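J.: My questions all concern the structure below.
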(Lines of atoms letter the chains of each structure in order from A and count residues from 1; the text may use other names and numbers.)
(Lines give C-alpha, C1' and ligand atoms only; values in the text may rest on other atoms or scores of the structure.)
Protein backbone atom coordinates (compact mmCIF):
# COMPACT_ATOMS: atom_id res chain seq x y z
CA UNK A 1 0.00 0.00 0.00
CA UNK A 2 1.42 3.33 -1.11
CA UNK A 3 1.30 6.26 1.23
CA UNK A 4 1.60 9.87 0.00
CA UNK A 5 3.75 12.16 2.07
CA UNK A 6 2.63 15.72 2.62
CA UNK A 7 5.09 18.14 0.99
CA UNK A 8 7.15 20.05 3.48
CA UNK A 9 6.69 23.75 3.48
CA UNK A 10 9.69 25.76 2.37
CA UNK A 11 11.64 27.81 4.86
CA UNK A 12 10.63 31.00 3.05
CA UNK A 13 6.96 30.09 3.31
CA UNK A 14 7.29 29.21 6.97
CA UNK A 15 9.14 32.46 7.71
CA UNK A 16 6.53 34.56 5.94
CA UNK A 17 3.67 32.84 7.80
CA UNK A 18 5.49 33.25 11.09
CA UNK A 19 6.15 36.97 10.61
CA UNK A 20 2.65 37.85 9.43
CA UNK A 21 0.62 35.46 11.63
CA UNK A 22 -0.08 37.95 14.39
CA UNK A 23 1.13 41.08 12.64
CA UNK A 24 -1.14 44.16 12.78
CA UNK A 25 -0.30 46.55 9.95
CA UNK A 26 -2.23 49.38 11.61
CA UNK A 27 0.03 49.56 14.67
CA UNK A 28 3.36 51.36 14.68
CA UNK A 29 6.03 48.60 14.95
CA UNK A 30 7.68 49.40 18.28
CA UNK A 31 7.77 47.51 21.58
CA UNK A 32 7.81 50.74 23.57
CA UNK A 33 5.16 53.12 22.24
CA UNK A 34 7.04 56.18 23.56
CA UNK A 35 9.97 55.43 21.27
CA UNK A 36 9.66 57.21 17.87
CA UNK A 37 10.12 55.34 14.63
CA UNK A 38 12.90 56.91 12.60
CA UNK A 39 12.32 56.83 8.86
CA UNK A 40 15.41 57.41 6.74
CA UNK A 41 14.83 59.09 3.38
CA UNK A 42 16.99 59.14 0.28
CA UNK A 43 16.30 60.90 -3.00
CA UNK A 44 17.84 60.73 -6.49
CA UNK A 45 16.59 63.06 -9.24
CA UNK A 46 16.40 61.18 -12.53
CA UNK A 47 14.90 63.73 -14.91
CA UNK A 48 12.79 66.88 -15.21
CA UNK A 49 9.89 65.95 -17.47
CA UNK A 50 7.90 69.17 -17.67
CA UNK A 51 7.92 72.73 -16.36
CA UNK A 52 4.58 74.51 -16.75
CA UNK A 53 4.92 78.23 -16.12
CA UNK A 54 1.21 78.96 -16.56
CA UNK A 55 -0.01 76.49 -13.92
CA UNK A 56 3.19 76.73 -11.82
CA UNK A 57 3.73 72.96 -11.84
CA UNK A 58 6.85 70.86 -12.29
CA UNK A 59 6.89 67.17 -13.20
CA UNK A 60 9.99 65.27 -12.08
CA UNK A 61 10.99 61.62 -12.09
CA UNK A 62 12.79 60.53 -8.92
CA UNK A 63 14.13 57.39 -7.26
CA UNK A 64 12.74 57.41 -3.73
CA UNK A 65 13.98 55.25 -0.87
CA UNK A 66 12.52 54.78 2.63
CA UNK A 67 14.30 52.79 5.32
CA UNK A 68 12.98 52.16 8.83
CA UNK A 69 13.18 49.50 11.52
CA UNK A 70 10.26 47.20 12.25
CA UNK A 71 10.71 45.55 15.64
CA UNK A 72 8.05 42.93 14.86
CA UNK A 73 9.81 41.59 11.77
CA UNK A 74 12.88 39.99 13.35
CA UNK A 75 14.08 36.37 13.04
CA UNK A 76 17.10 34.14 13.40
CA UNK A 77 18.48 33.18 9.95
CA UNK A 78 19.86 29.87 11.26
CA UNK A 79 16.34 28.65 11.96
CA UNK A 80 15.22 29.31 8.37
CA UNK A 81 17.96 27.90 6.14
CA UNK A 82 20.10 31.04 6.47
CA UNK A 83 17.52 33.40 4.98
CA UNK A 84 18.62 36.94 5.86
CA UNK A 85 16.26 38.96 3.65
CA UNK A 86 12.79 38.45 2.23
CA UNK A 87 10.27 40.47 0.28
CA UNK A 88 6.84 41.14 1.76
CA UNK A 89 3.76 42.83 0.43
CA UNK A 90 3.66 46.50 1.39
CA UNK A 91 -0.06 46.11 2.15
CA UNK A 92 0.66 43.45 4.77
CA UNK A 93 2.99 45.49 6.99
CA UNK A 94 3.10 48.95 8.53
CA UNK A 95 4.33 51.64 6.11
CA UNK A 96 5.00 55.24 7.21
CA UNK A 97 2.57 57.86 5.94
CA UNK A 98 5.26 60.09 4.47
CA UNK A 99 3.97 62.41 1.76
CA UNK A 100 5.27 65.28 -0.37
CA UNK A 101 3.72 68.55 0.75
CA UNK A 102 3.93 70.14 -2.73
CA UNK A 103 2.17 67.19 -4.37
CA UNK A 104 -0.69 68.48 -6.57
CA UNK A 105 -1.45 65.71 -9.08
CA UNK A 106 -1.12 61.98 -9.55
CA UNK A 107 1.81 61.09 -11.77
CA UNK A 108 2.32 57.99 -13.90
CA UNK A 109 4.30 56.07 -11.30
CA UNK A 110 4.70 52.29 -11.56
CA UNK A 111 3.18 50.30 -8.71
CA UNK A 112 5.80 48.47 -6.61
CA UNK A 113 3.82 46.18 -4.28
CA UNK A 114 6.77 44.73 -2.32
CA UNK A 115 9.33 45.85 0.24
CA UNK A 116 12.54 44.18 1.41
CA UNK A 117 12.90 43.11 5.06
CA UNK A 118 16.12 41.74 6.59
CA UNK A 119 16.52 39.62 9.68
CA UNK A 120 17.26 42.60 11.94
CA UNK A 121 13.94 44.23 11.11
CA UNK A 122 15.23 46.84 8.64
CA UNK A 123 12.60 47.55 6.00
CA UNK A 124 13.63 49.01 2.63
CA UNK A 125 10.99 50.57 0.43
CA UNK A 126 12.53 51.48 -2.94
CA UNK A 127 10.35 52.85 -5.73
CA UNK A 128 10.40 55.27 -8.67
CA UNK A 129 7.94 58.14 -8.43
CA UNK A 130 6.74 60.65 -10.98
CA UNK A 131 6.04 63.74 -8.90
CA UNK A 132 3.78 66.56 -10.11
CA UNK A 133 4.47 69.30 -7.60
CA UNK A 134 3.68 72.97 -7.18
CA UNK A 135 6.63 75.29 -7.66
CA UNK A 136 7.05 79.05 -7.68
CA UNK A 137 8.53 79.48 -11.16
CA UNK A 138 10.45 82.67 -11.86
CA UNK A 139 10.45 83.02 -15.67
CA UNK A 140 11.32 86.71 -15.88
CA UNK A 141 14.76 85.91 -17.34
CA UNK A 142 13.55 83.22 -19.78
CA UNK A 143 15.39 81.48 -21.47
CA UNK A 144 18.31 82.14 -19.10
CA UNK A 145 16.31 81.28 -15.99
CA UNK A 146 17.12 79.14 -12.98
CA UNK A 147 14.46 77.46 -10.88
CA UNK A 148 14.41 76.38 -7.25
CA UNK A 149 11.67 73.83 -6.64
CA UNK A 150 11.21 72.21 -3.25
CA UNK A 151 10.14 68.68 -2.37
CA UNK A 152 9.16 68.52 1.30
CA UNK A 153 8.73 65.07 2.85
CA UNK A 154 6.75 64.82 6.10
CA UNK A 155 4.42 62.50 7.98
CA UNK A 156 0.80 63.36 7.36
CA UNK A 157 -0.54 62.35 10.81
CA UNK A 158 2.30 61.35 13.12
CA UNK A 159 4.14 63.97 15.11
CA UNK A 160 7.89 63.97 15.63
CA UNK A 161 7.41 62.02 18.87
CA UNK A 162 5.92 59.16 16.84
CA UNK A 163 7.61 59.30 13.43
CA UNK A 164 10.88 61.11 12.98
CA UNK A 165 12.72 61.66 9.70
CA UNK A 166 16.42 61.58 8.84
CA UNK A 167 18.66 61.50 5.77
CA UNK A 168 19.98 58.10 4.72
CA UNK A 169 23.07 59.62 3.11
CA UNK A 170 25.03 62.77 4.05
CA UNK A 171 23.49 65.99 2.74
CA UNK A 172 26.64 66.86 0.76
CA UNK A 173 26.54 63.54 -1.07
CA UNK A 174 22.87 63.97 -1.97
CA UNK A 175 23.43 67.55 -3.14
CA UNK A 176 26.22 66.60 -5.55
CA UNK A 177 24.73 63.32 -6.78
CA UNK A 178 23.84 64.17 -10.39
CA UNK A 179 25.35 61.15 -12.16
CA UNK A 180 21.96 59.46 -12.62
CA UNK A 181 20.29 62.58 -14.00
CA UNK A 182 19.31 62.46 -17.68
CA UNK A 183 21.45 65.39 -18.73
CA UNK A 184 20.46 65.58 -22.41
CA UNK A 185 17.16 67.44 -22.00
CA UNK A 186 16.19 71.08 -21.74
CA UNK A 187 17.04 71.35 -18.04
CA UNK A 188 20.38 70.92 -16.28
CA UNK A 189 20.48 69.75 -12.68
CA UNK A 190 22.77 71.97 -10.58
CA UNK A 191 22.40 70.49 -7.10
CA UNK A 192 19.89 69.10 -4.60
CA UNK A 193 20.60 70.65 -1.18
CA UNK A 194 18.52 69.37 1.72
CA UNK A 195 17.88 70.20 5.35
CA UNK A 196 15.89 68.89 8.30
CA UNK A 197 13.37 71.02 10.17
CA UNK A 198 10.22 70.74 12.28
CA UNK A 199 6.83 72.23 11.53
CA UNK A 200 4.55 73.29 14.36
CA UNK A 201 0.82 72.79 13.80
CA UNK A 202 -1.88 72.74 16.46
CA UNK A 203 0.65 72.54 19.30
CA UNK A 204 2.36 69.53 17.72
CA UNK A 205 5.71 69.36 15.97
CA UNK A 206 6.05 67.46 12.71
CA UNK A 207 9.40 66.41 11.28
CA UNK A 208 10.07 67.24 7.67
CA UNK A 209 12.97 67.09 5.24
CA UNK A 210 13.09 69.62 2.43
CA UNK A 211 14.97 68.98 -0.82
CA UNK A 212 15.69 72.01 -3.02
CA UNK A 213 15.92 70.94 -6.64
CA UNK A 214 18.05 73.58 -8.38
CA UNK A 215 17.75 73.41 -12.17
CA UNK A 216 18.88 75.66 -15.01
CA UNK A 217 17.43 75.93 -18.50
CA UNK A 218 19.68 75.41 -21.51
CA UNK A 219 19.07 78.55 -23.62
CA UNK A 220 20.75 77.54 -26.91
CA UNK A 221 17.54 76.39 -28.62
CA UNK A 222 15.69 79.60 -27.77
CA UNK A 223 18.63 81.82 -28.68
CA UNK A 224 18.87 80.23 -32.13
CA UNK A 225 15.12 80.12 -32.81
CA UNK A 226 13.96 83.34 -31.12
CA UNK A 227 16.64 85.90 -30.34
CA UNK A 228 18.98 85.65 -33.33
CA UNK A 229 16.20 85.93 -36.00
CA UNK A 230 14.74 88.93 -34.17
CA UNK A 231 18.14 90.64 -34.03
CA UNK A 232 18.63 89.95 -37.75
CA UNK A 233 15.27 91.56 -38.53
CA UNK A 234 16.19 94.67 -36.55
CA UNK A 235 19.59 94.97 -38.26
CA UNK A 236 18.01 94.63 -41.70
CA UNK A 237 15.40 97.25 -40.77
CA UNK A 238 18.14 99.70 -39.76
CA UNK A 239 20.04 99.16 -43.01
CA UNK A 240 16.84 99.70 -45.02
CA UNK A 241 17.08 103.41 -44.21
CA UNK A 242 19.91 103.59 -46.74
CA UNK A 243 17.44 102.85 -49.53
CA UNK A 244 16.49 106.09 -51.32
CA UNK A 245 13.06 107.19 -50.11
CA UNK A 246 11.98 108.30 -53.59
CA UNK A 247 12.69 104.91 -55.15
CA UNK A 248 9.38 103.39 -54.03
CA UNK A 249 10.94 100.19 -52.66
CA UNK A 250 11.60 101.24 -49.07
CA UNK A 251 7.96 100.99 -47.96
CA UNK A 252 7.59 97.56 -49.57
CA UNK A 253 10.82 96.33 -48.01
CA UNK A 254 9.94 97.53 -44.51
CA UNK A 255 6.44 96.07 -44.79
CA UNK A 256 7.96 92.71 -45.72
CA UNK A 257 10.24 92.88 -42.66
CA UNK A 258 7.30 93.61 -40.36
CA UNK A 259 5.27 90.79 -41.90
CA UNK A 260 8.13 88.30 -41.56
CA UNK A 261 8.73 89.25 -37.92
CA UNK A 262 5.02 88.84 -37.18
CA UNK A 263 4.92 85.38 -38.78
CA UNK A 264 7.93 84.17 -36.77
CA UNK A 265 6.49 85.65 -33.58
CA UNK A 266 3.14 83.88 -34.05
CA UNK A 267 4.73 80.53 -34.94
CA UNK A 268 6.94 80.61 -31.85
CA UNK A 269 4.24 81.80 -29.45
CA UNK A 270 4.05 78.38 -27.76
CA UNK A 271 7.78 78.40 -27.04
CA UNK A 272 7.50 81.27 -24.55
CA UNK A 273 6.10 80.29 -21.14
CA UNK A 274 2.98 82.14 -20.06
CA UNK A 275 2.20 83.34 -16.58
CA UNK A 276 -0.39 85.70 -15.16
CA UNK A 277 2.00 87.12 -12.54
CA UNK A 278 4.93 88.55 -14.48
CA UNK A 279 5.77 89.00 -18.15
CA UNK A 280 9.09 87.46 -19.25
CA UNK A 281 11.73 89.93 -20.34
CA UNK A 282 11.86 88.26 -23.75
CA UNK A 283 8.15 89.05 -24.21
CA UNK A 284 8.90 92.74 -23.63
CA UNK A 285 11.79 92.39 -26.10
CA UNK A 286 9.49 91.09 -28.85
CA UNK A 287 6.82 93.71 -28.16
CA UNK A 288 9.31 96.60 -28.32
CA UNK A 289 10.94 95.16 -31.46
CA UNK A 290 7.57 95.12 -33.20
CA UNK A 291 6.86 98.66 -32.00
CA UNK A 292 10.22 99.80 -33.42
CA UNK A 293 9.46 98.13 -36.76
CA UNK A 294 6.10 99.90 -36.90
CA UNK A 295 7.76 103.22 -35.98
CA UNK A 296 10.37 102.72 -38.70
CA UNK A 297 7.64 102.04 -41.25
CA UNK A 298 5.69 105.13 -40.13
CA UNK A 299 8.80 107.31 -40.50
CA UNK A 300 9.38 106.08 -44.04
CA UNK A 301 5.72 106.64 -44.95
CA UNK A 302 5.99 110.21 -43.63
CA UNK A 303 9.11 110.94 -45.74
CA UNK A 304 7.60 109.42 -48.90
CA UNK A 305 4.44 111.43 -48.36
CA UNK A 306 6.49 114.64 -48.13
CA UNK A 307 8.23 113.81 -51.39
CA UNK A 308 4.91 113.48 -53.26
CA UNK A 309 3.30 116.74 -52.21
CA UNK A 310 2.19 119.05 -55.02
CA UNK A 311 3.78 122.48 -55.46
CA UNK A 312 0.83 124.20 -53.79
CA UNK A 313 0.94 121.87 -50.79
CA UNK A 314 4.70 122.34 -50.54
CA UNK A 315 4.26 126.07 -50.34
CA UNK A 316 1.60 125.71 -47.68
CA UNK A 317 3.61 123.26 -45.50
CA UNK A 318 7.22 124.48 -45.79
CA UNK A 319 8.37 127.94 -44.72
CA UNK A 320 11.51 127.43 -46.72
CA UNK A 321 9.49 126.66 -49.80
CA UNK A 322 7.37 129.77 -49.20
CA UNK A 323 10.46 131.96 -48.99
CA UNK A 324 11.79 130.32 -52.13
CA UNK A 325 8.54 131.04 -53.91
CA UNK A 326 8.55 134.66 -52.72
CA UNK A 327 12.04 135.54 -53.88
CA UNK A 328 11.70 133.40 -56.99
CA UNK A 329 8.58 135.33 -58.06
CA UNK A 330 10.38 138.68 -57.54
CA UNK A 331 13.27 137.60 -59.79
CA UNK A 332 10.83 136.30 -62.34
CA UNK A 333 8.89 139.59 -62.45
CA UNK A 334 12.17 141.45 -62.81
CA UNK A 335 13.20 139.25 -65.72
CA UNK A 336 9.79 139.29 -67.30
CA UNK A 337 9.38 143.09 -67.28
CA UNK A 338 11.59 143.90 -70.29
CA UNK A 339 10.21 140.94 -72.19
CA UNK A 340 6.68 142.03 -71.54
CA UNK A 341 7.62 145.50 -72.75
CA UNK A 342 9.02 143.98 -75.90
CA UNK A 343 5.89 141.88 -76.35
CA UNK A 344 3.79 145.00 -76.09
CA UNK A 345 5.79 146.65 -78.78
CA UNK A 346 5.76 143.56 -80.93
CA UNK A 347 2.03 143.12 -80.57
CA UNK A 348 1.45 146.53 -82.14
CA UNK A 349 2.91 145.25 -85.34
CA UNK A 350 1.45 142.62 -87.63
CA UNK A 351 4.51 141.58 -89.65
CA UNK A 352 5.45 137.83 -89.80
CA UNK A 353 8.85 138.59 -88.29
CA UNK A 354 7.24 140.22 -85.33
CA UNK A 355 4.97 137.19 -84.78
CA UNK A 356 8.03 134.93 -84.76
CA UNK A 357 9.68 137.17 -82.20
CA UNK A 358 6.56 136.99 -80.07
CA UNK A 359 6.61 133.18 -80.14
CA UNK A 360 10.31 133.10 -79.19
CA UNK A 361 9.71 135.37 -76.21
CA UNK A 362 6.79 133.20 -75.03
CA UNK A 363 8.97 130.09 -75.29
CA UNK A 364 11.68 131.85 -73.24
CA UNK A 365 9.22 132.70 -70.51
CA UNK A 366 7.95 129.13 -70.40
CA UNK A 367 11.46 127.73 -70.08
CA UNK A 368 12.25 130.21 -67.29
CA UNK A 369 9.13 129.11 -65.43
CA UNK A 370 10.04 125.44 -65.82
CA UNK A 371 13.55 126.15 -64.57
CA UNK A 372 12.21 127.88 -61.47
CA UNK A 373 9.84 124.99 -60.76
CA UNK A 374 12.67 122.47 -61.19
CA UNK A 375 14.95 124.34 -58.77
CA UNK A 376 12.12 124.55 -56.23
CA UNK A 377 11.41 120.82 -56.56
CA UNK A 378 15.09 119.87 -56.17
CA UNK A 379 15.32 122.05 -53.08
CA UNK A 380 12.26 120.29 -51.63
CA UNK A 381 13.75 116.84 -52.35
CA UNK A 382 16.95 117.89 -50.61
CA UNK A 383 14.92 119.09 -47.64
CA UNK A 384 13.04 115.76 -47.47
CA UNK A 385 16.31 113.84 -47.52
CA UNK A 386 17.50 115.90 -44.54
CA UNK A 387 14.26 115.09 -42.71
CA UNK A 388 14.78 111.41 -43.51
CA UNK A 389 18.32 111.56 -42.10
CA UNK A 390 17.03 113.28 -38.96
CA UNK A 391 14.36 110.60 -38.43
CA UNK A 392 17.00 107.91 -38.95
CA UNK A 393 19.15 109.45 -36.19
CA UNK A 394 16.10 109.61 -33.90
CA UNK A 395 15.35 105.95 -34.64
CA UNK A 396 18.93 104.94 -33.81
CA UNK A 397 18.76 106.93 -30.57
CA UNK A 398 15.53 105.19 -29.55
CA UNK A 399 17.03 101.78 -30.34
CA UNK A 400 20.17 102.62 -28.35
CA UNK A 401 18.07 103.62 -25.33
CA UNK A 402 16.09 100.40 -25.71
CA UNK A 403 19.22 98.22 -25.77
CA UNK A 404 20.71 100.04 -22.76
CA UNK A 405 17.44 99.54 -20.84
CA UNK A 406 17.44 95.82 -21.62
CA UNK A 407 21.03 95.48 -20.46
CA UNK A 408 20.23 97.41 -17.28
CA UNK A 409 17.24 95.17 -16.49
CA UNK A 410 19.33 92.09 -17.17
CA UNK A 411 22.09 93.38 -14.88
CA UNK A 412 19.60 94.08 -12.09
CA UNK A 413 18.19 90.55 -12.40
CA UNK A 414 21.64 88.95 -12.44
CA UNK A 415 22.77 90.78 -9.32
CA UNK A 416 19.54 90.07 -7.42
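The backbone N, Cα and C atoms fix where each Cβ goes, and this holds for glycine too.
TrEMBL entries are annotated by machine, without manual review.
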J.: Choose the correct range: of 173-199, 254-280, 281-307, which one does TrEMBL annotate as transmembrane segment? Give that range.
T.: 281-307
J.: Which is it, of 124-147, 148-171, 220-243, that TrEMBL names as transmembrane segment?
T.: 220-243
J.: For the annotation transmembrane segment in TrEMBL, which listed range does it cover: 366-389, 390-413?
T.: 390-413
J.: Residues of the same chain, at least six outside the transmembrane segment (220-243), with any C-beta under 8 angstroms of its C-beta?
T.: 142-143, 186, 249-250, 253-254, 257, 260-261, 264, 268, 271-272, 282, 285-286, 289, 292-293, 296, 300, 388, 392, 395-396, 399
J.: Looking only at the domain 'Neurotransmitter-gated ion-channel transmembrane' (226-319), what are its DSSP counts of helix, strand and coil residues?
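T.: Computed counts for the domain 'Neurotransmitter-gated ion-channel transmembrane' (226-319) are 76 helix, 0 strand, 18 coil.
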